[in-house]
Amino acid sequence: METFFTSESVSEGHPDKLCDQISDAVLDACLSQDPHSCVACETFASTSLILIGGEISTRAHINLTQIARDVAADIGYVSADVGLDAASMAVLDMTHHQSPDIAQGVHGAGLKEFAGSQGAGDQGIMFGFACRETPEFMPAPLMCAHAVVRYAATLRHERRVPWLRPDAKSQVTVQYEGHRPVRISAVVFSQQHDPSPSYETIRETLIEEIVRPALAPTGLLDENTRFFINPTGRFVIGGPFGDTGLTGRKIIVDTYGGMGRHGGGSFSGKDASKVDRSAAYMARYIAKNIVAADLAERCEVQLAYAIGVPYPVSLRIETFGTARASESHITHAVKEIFDLTPAGIVRTLDLCAPRYRSTAVYGHFGREQFPWERTDCVCDLQRAVRPFALSGQIKE
């Protein structure tokens, strides 16, 4: 049966992504001096204004104003004409320390039964997802959408298309036969630009020099693919001048483009004690290893935690009818192989390292440089599950 699925992405200059990057740059600055920093940093961006709030408890000495200016300048916000001037924008610091009530649960000073163990930083549910649609074990529509805005940013930074500005959004619709992507049926691409080029020039350039080269490796474009390029006809006003930005408003872009479920918690600006982030990374790690181990074609992992408790209150594995062993046996293997305590997740995925700003654009998943994208548990999973395999051999 033919079906369609659509996902979107946004550029590094999108106002919400500007905020995500500032929040994660603050986190990195803290972790680089104090790996045990407790950070929950939120950023708000509006016309000529960056406001940084949240809770930060750290021994690090950081300059929030300079961090915000550096991030904005790196993106390309160096003039009010393009949406923000990093040098002249106002930066307000409204941060304060983490609540001691939360801290005692995180650091093992809460209820006696959990004494001495790192507890989850909050309650919540987290999901991880993996599938065989792409080499990255990610949904094809989202990876295509990321590819368009990432390639546009590369051309902009290299000045190969000199009239490009930082703000942009993409959206890609993929046609499926079953769970197999067969073609791209539509591409929506809105790219901020200087006022000088004509719409005809903009449309032709964006299609021929950005969209087609970015998506050509997929082999999914065809003569019937429809292109919707800057559909309003003009996109000169962008960035925080055009739209307010806020940390954590692009959680679907950050994860699976809507194909996998989301627990609701955002990632950027949060240290690894916040299971919204760390457990979502672990859930992806588990799901990807299950699919890479050929135990299922598609897999979704749900974890749930209670604040201050040093282990998950639930684990659920969903394989959408594609498993080569029972889900109960896969779940048992996961419990045996993966350390799902907050402290264990941090150790396994090296989450005290200051690498978070690079996660804040083009998705937290499907990018091989991150530890949660490793497939180093494949053999362990295969050994644990092979005796219980259903019809069809589990590949080595």
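Going from the start of the chain as shown, residues are counted 1 onward.
From the backbone N, Cα and C atoms, a Cβ is placed for every residue, glycine too.
Per Swiss-Prot, the range carrying the annotation region 'Flexible loop' out of 10-20, 98-108, 318-328 is 98-108. Binding of L-methionine is attributed by Swiss-Prot to Gln98, Asp243, Lys274, and within the candidate set Glu42, Glu55, Glu200, Glu204 the record adds Glu55 to that site. In terms of C-alpha distance, the listed binding-site residues Glu42, Glu55, Gln98, Lys274 place Glu42 closest to Arg234 (ATP binding site).
Residues Glu55, Gln98, Asp243, Lys274 are listed as the L-methionine binders, and the farthest two of them sit 30 Å apart at their Cα atoms.
The binding-site residues listed here (Asp16, Glu42, Gln98) include Glu42 as those with a Cα within 10 A of the Cα of Lys270 (ATP binding site). Under a cutoff of 8 A between CB atoms, and with a sequence separation of 6+ in the same chain, the neighbours of Asp16 (Mg(2+) binding site) are Val10, Gly245, Leu246, Thr247, Arg249, Lys250.
In the shown protein chains, 15 other C-beta atoms lie within 10 A of the C-beta of Asp243 (ATP binding site). For Glu55 (L-methionine binding site), the nearest of the binding-site residues Glu42, Ala168, Asp243 in terms of C-alpha separation is Glu42. The shortest Cα-Cα distance between Ala168 (ATP binding site) and any of the binding-site residues Glu42, Gln98, Lys274 is the one to Glu42.
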